[in-house]
Amino acid sequence: MKIILTLLIILFSLNKNLNFVSSEVTKSRICSIFDQLPKLNSDFEPDYGDISVGMIKNVLEGDSPTLASNDPNFKPFVNGKLKNLNLFPTWFNKNHTQNVMLLKKLNLTLDKSSNIYSFVKDDFFPIDYQGWDVDESNRIYYGGRIFTAYHNFHYCLKINSVFFYQGTETFKFEGDDDVWVFIDKKLVLDLGGLHPARRGTVDLTKLGLQVNKTYSFDFFYCERHTPYSKMKIQTDIQAFCAWSDYCGVCQGDGSTCCNKDLDCDDDDPCTIDSCPLPNLPIPGGDKISKYCRHTNITCTQPSNNKCVITGCSKDTNGKCEVIGNLECADKSKYCMTLTGCDPKLGCQYKSNCIGPCLTGECNNGKCTSMDADYCSNELGEDPCKIYSCNAKNGGCMATPKCTSPSSSNPCVIPTCSADKGVCGTYTQNSTECNCNCKLNPCQKNNCDQSVNPPVCSPLPIDTIDDGNPCTIDICDKITGSVKHTPMECSGCTKCNNGKCIPIESNCDDGNLCTIDQCMNNGSCIHTPLSCNITNPCMDYTCNADIGCVGVPKICPNKGNCLIGYCDAGECKLKDRICDSPSFCQISQCSDVTGCIVFDKVCIPSNPKCETGVCINATSTEPGRCESVDFDPKPFVCKPAAIISTSVIVGVSVAAAVVAIAIVVASKKGYDAWAASNNNSLASLTSNPLYENPTGNGDNPMYQPNS
């Protein structure tokens, strides 16, 4: 007997140390439950219906399903008892006037024999006496297995999560009423409608998923009618919450604990108040209001009056109004003087550099004058002329470089070399000089030698012609006084080579958003500039100080994961790219908050016997996943010889222990062991040695309980 007892102790010790390393026994899923009231939404507790496929779209937009049609007579809606289309968003989203949101745990239990997690509740009433039913007057619905028992029958539930696909998973559901399951944002199970318990199965191996890749798993369930509520889930999907908002809701939007109107109101009507970004970490004890966002309201300028400024007015509760006149810029450094503001054109200026002896150019706030070189270039660059500008005479003028000598000898004529402009004199002979010319003060002596005898042919004195074709030169024959009267050109025109021509620069209004034109009649026209759109993906505007400005065309995003972009002038959408910081971290986009980061899960080659280990990249090696044996190994992963030996002695060491106990204590020993262990070994819940056979004959070792 002592030997047997010793053996028992040893075997029990072995059994204690042979731990089976496996998955968690229980997995908890945080779910959001939205309590509904039939008196607020008649889609809850309507007439009886049945299953109705096709009520929602096949692609999940955001974190909640959307209806497949806007037509209330859409057949799936009629069959599914859905009438209040505008209230459907409140089934799975918080709305303080339509529902009460609650957070609950859904605990799934592992069946070790199948490695399947399950949740089974024939009476699934998770929010009795809660939500709207805190008010006793709302507790008016009865049913369930105890038909007269009160229950909260009207609610919707959602779970948003992610999982790493292992390659073998399935998902099974049975229950009532509406159930929709999305994997990778695609509808894979549709049990919509108001119906008794219905079942459906999703085989993930048929969805085209890639092993070891992350996918979203979104589950939506509604209980809409008495008298029953059943939920049964069976799955081996290892779903988890990639991130939670600051309210503790998995992939939540922060609305559970933040109301922008109540928590974020800064009493400034000129700001747009919003709750913090959902994934913003908020230290415990801090108020959410400390992290609220307040964006200033931007007012657009009115198109019909460019001389006023609009802004947000606190006095009119945040309306955009005219708050002042436009302050036109000082353009003195450009030699421009403000003349006023035109409502259609904006600020108007005139140039200070318009004048007979001004070039029209401005240099650091000073107008450039016409000097000798400028006038020489304008009037012909004759080396025998002296060029200058005289404002009174209308601009540039040219006078002879070489004049008559001071001597009174009329026969001494000044000369100038045409190539170098060297002055000299030439003395005429008596024939050339004296032909009895009678001269007035505006004439000089000249004898025509082409005839014999020479005759007098007087010439105008040199000072009459100023060399400027834009002046009218007049000499008083009595006094000899010479005047140079500028030709009159109206408005913006200016004389050039004796003709009045339009000068565009004379119409410069200092506004780069106008096209300035000088007409032949001298009037200025300022036409608003139309910016030439050379790139259809650019939006062009005009700034009076810098002209046309092109900025990229803004294409709106759709949610947080679809980025708007412009292609050949057309707005399109593309997926937001989220970069992972390391090999062992996954970055992907969440519709609620944008890019998120969570730890990578490596899928082992043999999940029953191994665990996946992620190893980050180093300077010499890339990142990788490795499969590592459980330590200690699960029994089913032992070498074949060990397993065979165990089978021989009774499937497991624990069985051997029981067998010895049976030898020692017979049937009562077995019963005592079974009772003390709550029949925890499924393979040994009965012992054929001590059971009465169901067929013919008797078992001599069978002892009925006394």
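Using the three backbone atoms N, Cα and C, a Cβ is placed for every residue, glycine included.
Record features (Swiss-Prot):
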type     : residues : note
COMPBIAS : 693-706  : compositional bias 'Polar residues'
DOMAIN   : 109-253  : domain 'PA14'
CARBOHYD : Asn95    : N-linked glycosylation site
CARBOHYD : Asn107   : N-linked glycosylation site
CARBOHYD : Asn212   : N-linked glycosylation site
CARBOHYD : Asn296   : N-linked glycosylation site
CARBOHYD : Asn429   : N-linked glycosylation site
CARBOHYD : Asn521   : N-linked glycosylation site
CARBOHYD : Asn532   : N-linked glycosylation site
CARBOHYD : Asn616   : N-linked glycosylation site
REGION   : 687-706  : region 'Disordered'
SIGNAL   : 1-23     : signal peptide
TOPO_DOM : 24-644   : topological domain 'Extracellular'
TOPO_DOM : 666-706  : topological domain 'Cytoplasmic'
TRANSMEM : 645-665  : transmembrane segment
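Known features from Swiss-Prot, placed on the structure.
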residue: Asn95; record: N-linked glycosylation site; DSSP class: coil
residue: Asn107; record: N-linked glycosylation site; DSSP class: strand
residue: Asn212; record: N-linked glycosylation site; DSSP class: coil
residue: Asn296; record: N-linked glycosylation site; DSSP class: strand
residue: Asn429; record: N-linked glycosylation site; DSSP class: coil
residue: Asn521; record: N-linked glycosylation site; DSSP class: coil
residue: Asn532; record: N-linked glycosylation site; DSSP class: coil
residue: Asn616; record: N-linked glycosylation site; DSSP class: coil
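Looking only at the topological domain 'Extracellular' (24-644), the predicted model's pLDDT averages out at 90. The closest partner of Asn212 (N-linked glycosylation site) among the glycosylation sites, by CA position, is Asn107; the full candidate set was Asn95, Asn107, Asn296, Asn429. Put simply, Asn429 (N-linked glycosylation site) is 73 Å from Asn532 (N-linked glycosylation site) when counted between their Cα atoms. Of the recorded residues, Asn616 (N-linked glycosylation site) and Asn107 (N-linked glycosylation site) place their C-alpha atoms 33 Å from one another. Sequence-distant neighbours of Asn95 (N-linked glycosylation site) (same chain, 6+ apart, CB under 8 A from its CB) are Pro89. For Asn107 (N-linked glycosylation site), the nearest of the glycosylation sites by C-alpha distance turns out to be Asn296; the candidates were Asn296, Asn429, Asn521.
Across the structure, Asn296 (N-linked glycosylation site) and Asn521 (N-linked glycosylation site) are spaced 51 Å apart at their Cα atoms.
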